[in-house]
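A.B. asks: Sharing the feature lines straight out of TrEMBL:
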TRANSMEM  6-39  transmembrane segment
TRANSMEM  46-63  transmembrane segment
TRANSMEM  75-93  transmembrane segment
TRANSMEM  100-120  transmembrane segment
TRANSMEM  132-154  transmembrane segment
TRANSMEM  166-186  transmembrane segment
TRANSMEM  192-212  transmembrane segment
TRANSMEM  224-242  transmembrane segment
């Protein structure tokens, strides 16, 4: 009976990951928004490793699909902040209260979204990229929600550049987070197995996003990005309060 329940749980998580893969294939991020809340309900001990694994897999496919549009200079500056931020994230996982940290992350992202709607006009400049990269490293490693910080800086860029640049950043960043968590002894065989099982579902969602990208780009990518970033912050705040 337990194995049957677990099988249904993985199947449901797989469908959700497929939807997240579709969303991220369209706007460059959002997989964690869809996947993290459900996985947290099914088995909180699975976070953050399986989500980081499917994020790295999705980013690799996205990078291959739109490689020519990557802002490599921006990726370099963001990674300069991501690496030390990852170390902070590992320390948070090991020592701090995830509930309080989740509230900080959600509140920070929501504040950035509200500022973007009103007066803030962000751009991918070196200082802001390093800061966003650091936040993404610490937040993403500890909570699996690290995409909105860097994504918001690219909200006024063209869709292909947004997706390709975020994909390059996520390939390097998610890989660094996984390596750091393994080194700190925070990864279990159960988590790795769950990540592997979810990848085929992710691939299905990614493939569905292919023919839909041009429709999203034609309507402008900024509004969908702000909506997803805002929802991710609200989900994280609610999850932290209820945990």
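Cβ atoms here come from the backbone N, Cα and C positions, even for glycine.
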A.B. asks: Are there residues at least six beyond either end of the transmembrane segment (192-212) with Cβ under 8 Å to its Cβ atoms? List them, or say none.
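C.D. replies: 10, 13-15, 17-26, 31, 43, 46, 49-50, 52-54, 57-58, 61-62, 65.
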A.B. asks: Among 6-39, 46-63, 75-93, 166-186, 224-242, which stretch has the highest count of C-beta pairs below 8 Å with the transmembrane segment (132-154)?
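C.D. replies: Comparing 6-39, 46-63, 75-93, 166-186, 224-242: 75-93 has the most Cβ pairs near the transmembrane segment (132-154).
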A.B. asks: Would you kindly check 6-39, 46-63, 75-93, 224-242 and say which stretch has the most C-beta pairs under 8 angstroms to the transmembrane segment (166-186)?
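C.D. replies: Per the Cβ under 8 Å count, 46-63.
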A.B. asks: Going through 46-63, 75-93, 100-120, 224-242 one by one, which has the most CB pairs that fall under 8 Å from the transmembrane segment (6-39)?
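C.D. replies: Checked against 46-63, 75-93, 100-120, 224-242; highest Cβ contact count belongs to 46-63.
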